[in-house]
Amino acid sequence: MRLHEILKHLCEPAHMPPVNPEIAGVVYDSRAVTPGALFVAYRGFHTDGHAYIPQALERGAAAVVYEDPAWDGRVPVPALRVPNARVALAPLAAAFYGHPGRRMRIVGVTGTDGKTTTTFLTSVALEAGGAITGLMGTVDFKIGERMWTNDSRQSTPEAPEVQALLRDMAEAGCSYAVIEATSHALSARWNRLAGSAFDIAVFTNVTQEHLDFHGTVEQYRRDKARLFEMLAEFNDAAAPFKQRKIAVVNADDPHHRMFLDAAPVSAERLTYAVHAHADVRAEDVRSTRDGLRFRVTTPWGAADARLRLTGDFNVWNALAALTVACAEGVPLERCLAALERVPGVRGRMERIEAGQPFTVLVDYAHTPGAFEKLFRIVRPLTEGQVIAVFGSAGERDRAKRPLQGEIAGRFCDLVIVTDEDPRLEDRAAIIAEIAAGAEAVGKRIGETCLCIPDRALAIRTAFAYARPGDIVLLLGKGHEGSIIYGTTPVPWDEAAEARRALAELGYGG
């Protein structure tokens, strides 16, 4: 594809560089530049991409898009200065890959909690109707029957990776792509998902998270609501299957109205809930250690649901998936039959069984809202102890740390605070901030609140304290494959570490 064909989405012909080379890729990392690439240089949090323009040129970049006026006239290949190169990256990538989102129905799922499970369940429910789906989520990527681990530690990849995956999905015959849409990716500052051509937007819930990035809770909500605004991005009469837009929201969330209001007027609006009046509703919910039972009523019929998923919050996740699939024409009975076969999502209320007399669950919960939901569900499931092992990420929202400690302190008999990606922060200081929250609600440091930075030792300590019938929760890491110390990811597998610790106690042999 020629440079001018890509740039026409950013500027008028009069402002195009005079030379129009063939472009072989759109790249933002100079280390990934290959001959013929268009290099996009922008200012990041830790580094300034403009400093790597010389390296990109040495590696064969054929053109450069940049934002710093200091580089005017200094780039010896065709170059274009834009107000914000990071924002420009997504439309450039979408153009280069031929706007693949326009060839499929695109489903976006956003919210503080539940995105990963909802995305996975939505893919399963759509496939129950015979569709081939692609998926982008925190845990896995999927194209048709091929699934592989997302090792990037990004729930929503950078724009070129998003568009490349969409291209691969379209070429593999997928009729749907289901994308986990984070607030960072949706924000106007990063704009990673522009050009994806969304058709269905799903909202799960919103609580406090990522205030270090968004600044305020209100801005955080507005950034998430951009997914619903993006339903208006592409509506071409030449593609009739893309003209129907659907907004799906959790009516139990007090902020759901702002998400409905953000959708274009022409979009269909569907709600789901457990407590509030809604189009799709679960009633008579029963939760046990083994799964969920509930009655679901919908505009497409009513039925009894029996899921193998643990935790009441998965009722909302399942309702969201059912709403999307049924709205797209999949019969309710087929959706439920498919969802009933799902054993769970890796790192999401994942049960670790080795014959031990207590329950061990691995979950990605790492926000105050997720803690509140999780502990309220787990506490009634045992008359014994609830023991929680968790930490809080370094260089992220500090305000949530004491809240995590406070919530865990209220619901758990024993709180064990440990490392979770301290990065360049003082690991002891992070742990102390969390422990202060637990101490504020009556936990005693060294007795009912233990501070053990070594996560492997923290897990073993929890198991040593556990008695028959207790529940041990290993929170925050979930599916992730590393713990970041400084800038170095150290390999880590929470479920595998739990199994090793149980084996040391004589279980699982």
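Quick reminder: no glycine exception, Cβ is built from N, Cα and C everywhere.
These come from Swiss-Prot:
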| type | residues | note |
| --- | --- | --- |
| BINDING | G111, T112, D113, G114, K115, T116, T117 | ATP binding site |
| MOD_RES | K224 | N6-carboxylysine |
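Here is what falls inside 10 Å of the CA of K224 (N6-carboxylysine) among the binding-site residues G111, T112, D113, T116, T117: G111, T112.
Burial estimate for the binding-site residues (G111, G114): highest at G111, by number of other CB atoms within 10 Å. The record gives G111, T112, D113, G114, K115, T116, T117 for ATP. Within 8 Å of the mean position of their Cβ atoms, the other Cβ atoms in that chain belong to V109, T118, T204, N205, N317.
According to its DSSP assignment, T112 (ATP binding site) is coil. Long-range C-beta contacts of T117 (ATP binding site), restricted to its own chain and to partners at least six residues apart, with a cutoff below 8 Å, comprise L309, N314, N317, V345, R348. Same-chain residues at least 6 positions away in sequence with a Cβ under 8 Å from that of T116 (ATP binding site) are, in sequence order, G137, T138, V139, S155, E180, V345, R348, Y364.
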